[in-house]
Ligand SMILES: Nc1ncnc2c1ncn2[C@@H]1O[C@H](COP(=O)(O)OP(=O)(O)OP(=O)(O)O)[C@@H](O)[C@H]1O
Ligand SMILES: CC(=O)N[C@H]1[C@@H]2OC[C@@H](O2)[C@@H](O)[C@@H]1O[C@H](C)C(=O)O
């Protein structure tokens, strides 16, 4: 037997595994690296987050990713090179973290690498007649580079199996959220405010997965970050939402932003910066004569837009006045202007961060991919939701062996 496969069998039979989860999302802020110890599998999974770091992307990395990110037309040569280059970059970042944490690569069982999303194309969004009904998504950063450079067996490209089995490739959060955070005593909404916002609904049913689901809701931080970058190229975000808090919502612009059919489409659904782009905001500003809006007012309007996206999805799912315990994760949890807008839009909900449930809000998405790899080696495929909201029961991730 290939010794790496023998090692994988051993790893699958261990009572606990040390898995590094990697996530680099739509904000292009950096690579999230979560060193997790996962005990058991399935609904009995228990997480210890041993270490976490966000290794920032330099301006050069961001520039390179933006050459292809969410663009319909790109150089195929550039995409090809970026795939290998990001794989190596992520490997170097992991090795640097391990050195800093004084952990040898041989002490790690697996890496679970999400890769860098560069294009997300659910059928409802691309509507291309050549590919009717086809969902597709592309993450770059080939995992063979991670496996070879670190010597650690690496799982990657998790989204493709979800699509192959009938999903849109996202959000995958439902699986990990269900395994780590479902409760028999509380109905929960786990809201992630990344570049794109999404939530997972976990009914108060403990092990019954029939009514759980996750969906994207629209923009999270992506339009806010783009707006501030256009005015202050050296800033990557509106720190603590200070500028947004000093602005006024422009209601005509807000109404225009809400025109996208995405907001009325049934749940669950996914989206990305392909739709919610600076060009989308520019078009709405042209139509509403708000090209000269103060930055503060633009940010206040975009904050309200993100919050309304979440509220609309919650109302579609739970009726006019959702009353749920909401636990927030992702970078938007650090933006008080966004959190205040959410509380205004969903007054009957209570808000806390996932820290209240023992999950560091900035680490949650990277942890989710570690959980998916843990399930792929040691678990059973779990079916979540029912009807349209059902997500396929599959194990996800492709395997890269180090040699
Ligand atoms: N102190 C802060 N004040 C305001 N916003 C903040 C703060 N800290 C982080 N953010 C926001 O969070 C963003 C990063 O969020 P996160 O890392 O969750 O995104 P991501 O993982 O790239 O996105 P996605 O979940 O869509 O893949 C930043 O770009 C910024 O907009
Ligand atoms: C295609 C893609 O990378 N989608 C991301 C993105 O970031 C947030 C939202 O859009 C979510 O659908 C997804 O990530 C999380 C981790 C998910 O799959 O649950």
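Every residue, even glycine, has its Cβ placed from backbone N, Cα and C.
Listed in TrEMBL for this protein:
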- 25, 26, 27, 28, 29, 30, 31, 32: ATP binding site (BINDING)
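Positions of TrEMBL features highlighted on the structure.
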residue: 25; record: ATP binding site; Cβ contacts under 8 Å, 6 or more apart: 32, 117, 194, 195, 196, 365
residue: 26; record: ATP binding site; Cβ contacts under 8 Å, 6 or more apart: 117, 194, 195, 196, 222, 272, 273
residue: 27; record: ATP binding site; Cβ contacts under 8 Å, 6 or more apart: 194, 195, 221, 222, 225, 331
residue: 28; record: ATP binding site; Cβ contacts under 8 Å, 6 or more apart: 57, 61, 62, 65, 66, 69, 195
residue: 29; record: ATP binding site; Cβ contacts under 8 Å, 6 or more apart: 54, 56, 57, 236, 331
residue: 30; record: ATP binding site; Cβ contacts under 8 Å, 6 or more apart: 24, 54, 55, 56, 57
residue: 31; record: ATP binding site; Cβ contacts under 8 Å, 6 or more apart: 22, 23, 24, 54, 55, 57, 90, 93
Seminar exercise, completed: A correct count of other C-beta atoms within 10 Å of the C-beta of residue 32 (ATP binding site) gives 23
Problem set entry | Those binding-site residues in 25, 27, 30, 31 whose CB falls under 6 A of ligand 1, listed in sequence order | 25, 27
For this session: Please check each of the binding-site residues 25, 30, 32 and report the ones with a CB atom less than 6 Å from an atom of ligand 2, ordered along the sequence.
Result: 25
